[in-house]
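Reading through the structure tokens given below for one structure.
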Amino acid sequence: MNIKGLNHLLFSVSNLEQSIDFYQQVFDAKLLVKGRSTAYFDLNGIWLALNEEKHIPRNEINESYTHTAFSIDESELESAIQHLKALNVNILEGRERAEQDKQSIYFTDPDGHKFEFHTGTLQERLKYYRDQKKHMTFY
């Protein structure tokens, strides 16, 4: 099997209308279609889907570091932070990082899904780890 790439991201949400507003305002996602319990967006070429599932437990999501990270230019980090603050988005306390690890801001959607705007690349991270993390094995 040959994986061609990422097909889509789908998030379960408790309130479709509230989540549509969030994804449009925070990510500038273009709404493509909306049904009774589903919405599809184009997020800079990424297919983003929301499914409304009102009655599922959501508390455990707060305990996990699982998140979706989007790349942004370092020069845009401060304006991204101000944009999130202006929208009253729940911004999370970031973790301590070395300068080589670049910069990030973490935040959640109304259902607690975690997101990150990150200024680094995989190549930069691997170089940093090769240089500084001698306990790691590279393939």
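In case you wondered, yes, glycine gets a Cβ from its N, Cα and C as well.
What Swiss-Prot annotates here:
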DOMAIN    5-120  domain 'VOC'
BINDING   His8, His67, Glu116  Mg(2+) binding site
ACT_SITE  Glu116  active site, proton donor/acceptor
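Between the binding-site residues His8, His67, His67 has the most other Cβ atoms inside 10 Å of its own Cβ, all protein chains included. Across the domain 'VOC' (5-120), the DSSP tally of helix, strand and coil residues reads 33 helix, 41 strand, 42 coil.
For the domain 'VOC' (5-120), the predicted model reports an average pLDDT of 92.
The Cβ of Glu116 (Mg(2+) binding site) has His67, Thr68, Ala69, Phe70, Ser104, Ile105, Tyr106, Phe107 as same-chain neighbours under 8 Å, each 6 or more residues away in sequence.
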